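First the structure, in the form of structure tokens, and then the observations on it.
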Amino acid sequence: MKPTLVLVGRPNVGKSTLFNRLTKSRDAIVADMPGLTRDRHYGHGKLGKKPYLVVDTGGFEPLVKEGILHEMARQTEQAIAEADAIIFVVDGRSGLTPHDKEIANKLRRIDRPVFVAVNKAEGMNSGMVEAEFHELGLGEPNAISAAHGEGIRGLVEMALESFPEPEEDEWHSDSVRVAIVGRPNVGKSTLINTLLGEERVIAFDAPGTTRDSIEIDFERGGRKYVLVDTAGMRKRGKVFESIEKFSVVKTLQSIEDANVVILMVDAQADVSDQDAHIADFILQSGRALVVAVNKWDGLDAYTREQTRQILQRKLKFLDFAKFHFISARDNIGLGNMFRSVDSAYAAAMAKMTTPRLTRVLIDAVAKQAPAKHGLFRPKPRYAHQGGSNPPIIVVHGNAVDQVTDSYRRYLEHTFREAFKLQGTPLRIQFVTAKNPFADKDKK
């Protein structure tokens, strides 16, 4: 399982800049998706062979007792408690503040490794910048510059030092792992209870991680599934009750561990930033996806149409996924939803032969050639599969690294149609043929 690094600190110390620096390796994958939210709070990173997750908690005000700042502090404290390591960001130019000391008092009581990152240290003597932050009592401070990338690698190496490299093959189960994620009170527990009651299975708690994600084995239509739940469910007889609280870390880890994610959205509430952030993370993770719009039965015809339009506008970057309008309580639409889970899983694991991929590519180019880039027109020549879960298609040719974003989307749409890849993100990588005369020209 990927370790989770949580960034904490008072407002305006550069946490977001550090977050962008730590997650830059994945930004390019989703940068050309229209409508994608850029205000990320959760992301992926990788140092060598060690992948990790990053959570940016926003400004931490631990002493505020009410209002939105109190709610932010509560969420931050929960993320801290569930983190694998904490990076405490302070401002080297402002120096040590009473606010920093308040946060340090909180962090000293947490049984997690804490690494103090003294940001904005560019052009300054690192020893002098670090000196006053020893007073925090959280170990050796580390001078960095998030804006310039200075000291970042060493900081992350220390944070990840105690975590092993991941196993080569993490997918060892015959069961399809389905994560059900969404905001509190959206109906995750109701959905699981309805599914379990429908199948008349005896469910059990299986705390599989230090964060006690709950895994529920069940069978449907002769196929085995594992439901990964983040709602804090506990067994009561043959049904479950839930006190739903939103846990960032549990949600991110359950997405990472899943084959397919069901993102639940409340039809009777507006699509929130939290919904969009989680949808963005699912896309970054490359997980197959089904969107379940719950409590649909409580809307009249006019409100349903308005809700559809809002969903299309706010979640348009999820156009590869099937949307299902359901009632988890009344078991309306769940059969079709689970058929989409199966088809999304099949799409994510699809095997595509090189000859057929190449035929589809050549036909697509014949119908619509790439636009010229300067004096040259990119010439895609053949394609092969580079991976699955999500499917990766590698396109080779001359100057193909110069194709436009719109042409990339055209090819993605073409491959999706040809191979029935609905329900899964699709990555297309372009590899430009090396000019055999390039080295000779230099001699």
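Every residue, even glycine, has its Cβ placed from backbone N, Cα and C.
Noted in Swiss-Prot for the protein shown:
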DOMAIN    3-167  domain 'EngA-type G 1'
BINDING   9-16, 56-60, 119-122  GTP 1 binding site
DOMAIN    176-349  domain 'EngA-type G 2'
BINDING   182-189, 229-233, 294-297  GTP 2 binding site
DOMAIN    350-434  domain 'KH-like'
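Mapped onto this structure are the features recorded in Swiss-Prot.
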{"residue": "K15", "record": "GTP 1 binding site", "contacts (Cβ under 8 Å, 6+ apart)": "L7, V8, G9, D56, T57, G58, V89"}
{"residue": "A121", "record": "GTP 1 binding site", "contacts (Cβ under 8 Å, 6+ apart)": "G92, V129, A143, I144, S145, E150, G151"}
{"residue": "G182", "record": "GTP 2 binding site", "contacts (Cβ under 8 Å, 6+ apart)": "K188, L263, M264, V265, D266, D275, I278"}
{"residue": "W296", "record": "GTP 2 binding site", "contacts (Cβ under 8 Å, 6+ apart)": "A267, R304, F325, I326, S327, I332, G333"}
Stretch-averaged pLDDT - the domain 'EngA-type G 2' (176-349):
79
What DSSP gives for G182 (GTP 2 binding site), in three states, is strand
Whole-Å Cα distance, N185 (GTP 2 binding site) to N12 (GTP 1 binding site), is 32
Note: among binding-site residues N12, T57, N185, least Cβ-dense neighbourhood at 10 Å is N12
Note down the number of other Cβ atoms within 10 Å of the Cβ of K188 (GTP 2 binding site), including every protein chain shown.
26
Packing count at G9 (GTP 1 binding site) (other Cβ atoms within 10 Å of its Cβ)
26
